[in-house]
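Novice: The domain 'Iron dependent repressor metal binding and dimerisation' annotation in TrEMBL covers B:358-425. Annotated transmembrane segment per TrEMBL: B:15-35, B:42-63, B:69-88, B:100-119, B:146-164, B:232-252, B:264-288, in sequence order.
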Amino acid sequence: MITQVENPVLEIHDLTVSYDQTPVLWNVDFSLPAGKLIGILGPNGAGKSTLIKAIMGLISPTSGYVKIFDKPLNDVRARISYVPQRESVDWNFPASVLDVVLMGTYGKLGLFKRPGKKEKDLALECLEQVGMSGFVKRQISELSGGQQQRVFIARALAQQADLYLMDEPFAGVDMATETAIFQLLRDMAASGKTVLVVHHDIHSAMNFFDWVIMLNLHLVASGPKELVMTEDLLRKTYGGKLNLLTKVTDLISKKEFNPLKS
Amino acid sequence: MDDFIYFFTFQDPSVAWVVIGITLLGIGSAYVGTFSFLDKKALLGDAISHAVLPGICMGFILAGEKNPIYIVTGAFLSGAFATFLSSWLKKNTKLSEDSIIATILSVFFGVGIVMLTALQKSGNPEIAGLNSFIFGNAIGISESDLLIYGGLSLTIILVLTLLLKEFRLMVFDPSFGKAIGFPIESIRFLFNVLMILAVVIGIQAIGVVLMAALLITPGAAARFWTDRLNPLLILAALFSVISGILGTYISFVLPQMPTGPWVVVFLSLIALISFLISPKSGIIFRFLSRKKYLRKTHRDHLLKALYKALEEGRKSMTIEEIYELYPYQKKEINQSIIDLQKSKYIVQSQNSISLQEPGVSEAMRIVRLHRLWELYLNESLKIAPDHVHESAEQMEHLLTPELEALLEKRLNFPSLDPHQETIPREKNDLR
């Protein structure tokens, strides 16, 4: 059940990704419409984060390609914002909330230039949007999980992008933060931005997203929520191991070289 | 004393030169080192500093004398080779990073010592100066050496200042950096080059064995004092420069003394002091604030006891009664009595103690917090009434007025706690 769209914001063509030489995504192929809030669902180890990292060019694919706004990634980086998993950074790093949000302006500033008043105003505005105005000078290690996630989202907002890729922004956050972030993402989608979110909770996904991508090593489904959130497809995504695919994966990782690499 | 004045007034131009050199060196190495400390790559600095020794010997062999350009180039190349080797091994073997670093450190240093010993046997009269590369000798630096070491230090400082934002991103969130299109790999490469240069500039003054300390310790010590990057860098540089100058001074006064170990002694002293007395994280500060807190809890307990007596209709208590209430705390109780009299919360007449006007309010507040918390545990968290006292004993000292207001609202201004005792408020005064 894969719905392809005309004039896609993001087009992924036959993407296969491996870590070392263990394939973690097989032949993923889909396209996404603009102005939607899109969820990537799948069990642990399904390759959700890998897909986002491959889109951002942080892992190079074994085969296949990604096109964003009908262009290769490097031509349109300024229009894309990436929010890594909260745990991927060391929150003991000596920095204030404002310092981190200012990093969102680095992309447009380029190398060597320092952020100035304009950038600072933008960062403050973004902190206001995520409800963190009272924490501007706070040391980041003093924040709760939910507050750290809000800071990351403020940093993404400061990038002023058109496509947002977020890796588990709802992981380990409190109810209030979840509602606040969700409302913010809704507003962003309503104003024409495309927001792609890795998510693991099926129940909230029902309410959250307009469009859903289901992954489990391969693409199970991609389409409007009403069409893909069916019992059959959910069972295909979450129901047990894909015996054959995992066996092939084992076979390949035992080889002395990567046979998938051309 | 004369030496001290002679040294620190910089009358001797050669002393002034050495101090300028060691200052630049201190700033440069503290700057680079703080970043590598934050990046959790402290061990790499140690490996590089040991690994430059074969290069130094090679440079000496090729030049036939202690030519700074040959030696610096040799040291740099051998440090670069060690760095490259460690990342190559990490990528292409399953060895863990610490074993790779330990191996590289010992192999390179071993080879270096073998070469050095062989050179000493060769009978070249120039060889004497080579020994100072092991533990460093700042006073032995000539002016032409200084131009090279100082120039390299300045380069390091300039590059780091120019690329502060990029290095910050490289350490804090490299994948975000890559995502916004920054050449993080090249930035990391440049950083490694600066790291090797920072080691190379220290070989003459500090020596290869201890150079790692000058890289890492300043940042580690400064981290106790600040939570922000810019003050951290400045403070680290300051610590490094102070110890550098003091170490050089010792070498100046006692010519047999190598500079490196003394610099490290002063640096460690600064780190130790930071660990002990810095606010928030220093252990003395923590000890004192705990002591202050305990003193407050003893005062609170005394007020509470007096208030409970008031509830039973007794205006005062004797000191013996209070001692009996809190056995083994005579000393603390006496201290509390002195403290509370000073703040006019209680008065003592002969042997009996009674609450004063402001003391009653404060005592009511503590008892109120205690009973509100008991009620909250019982009603909201469904904890049995005979299990709530212990927790309330702690929370009564901690709850803030904001939390008190929240509790009152949540429990709808209750009048009785789970043990059917009145929750005291200003209006149902017992006075």
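Backbone N, Cα and C atoms are what each Cβ position is placed from, and that goes for glycine too.
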Novice: Using a Cβ cut-off under 8 Å, which residues of the same chain at least 6 positions beyond either end of the transmembrane segment (B:232-252) come close to it?
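Specialist: For the transmembrane segment (B:232-252), the sequence-distant neighbours (Cβ-Cβ under 8 Å, at least 6 residues beyond its ends) are 3-4, 7-8, 15, 18-19, 22-23, 25-27, 29-31, 33-34, 137-139, 205-206, 214, 217-219, 221-223, 225-226, 258-260, 262-267, 269-270.
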Novice: For the transmembrane segment (B:15-35), which partner among B:42-63, B:69-88, B:100-119, B:146-164 gives the most CB pairs under 8 Å?
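Specialist: Highest pair count goes to B:146-164.
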Novice: Is it possible to list how many residues within the domain 'Iron dependent repressor metal binding and dimerisation' (B:358-425) are helical, extended or coil according to DSSP?
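Specialist: The composition, in the requested order, is 42 helix, 2 strand, 24 coil.
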Novice: Grab the same-chain neighbours of the transmembrane segment (B:69-88) for me: Cβ-Cβ under 8 Å, and only residues 6 or more beyond its ends, written as numbers and ranges.
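Specialist: Counting only partners 6 or more residues beyond its ends, the transmembrane segment (B:69-88) has Cβ contacts under 8 Å with 44, 47-49, 51-60, 62-63, 97, 100-101, 104, 108, 148-149, 152, 192-193, 195-197, 199-200, 203.
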Novice: Give the mean pLDDT for the domain 'Iron dependent repressor metal binding and dimerisation' (B:358-425) on the 0 to 100 scale.
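Specialist: In the predicted model, the domain 'Iron dependent repressor metal binding and dimerisation' (B:358-425) has a mean pLDDT of 90.
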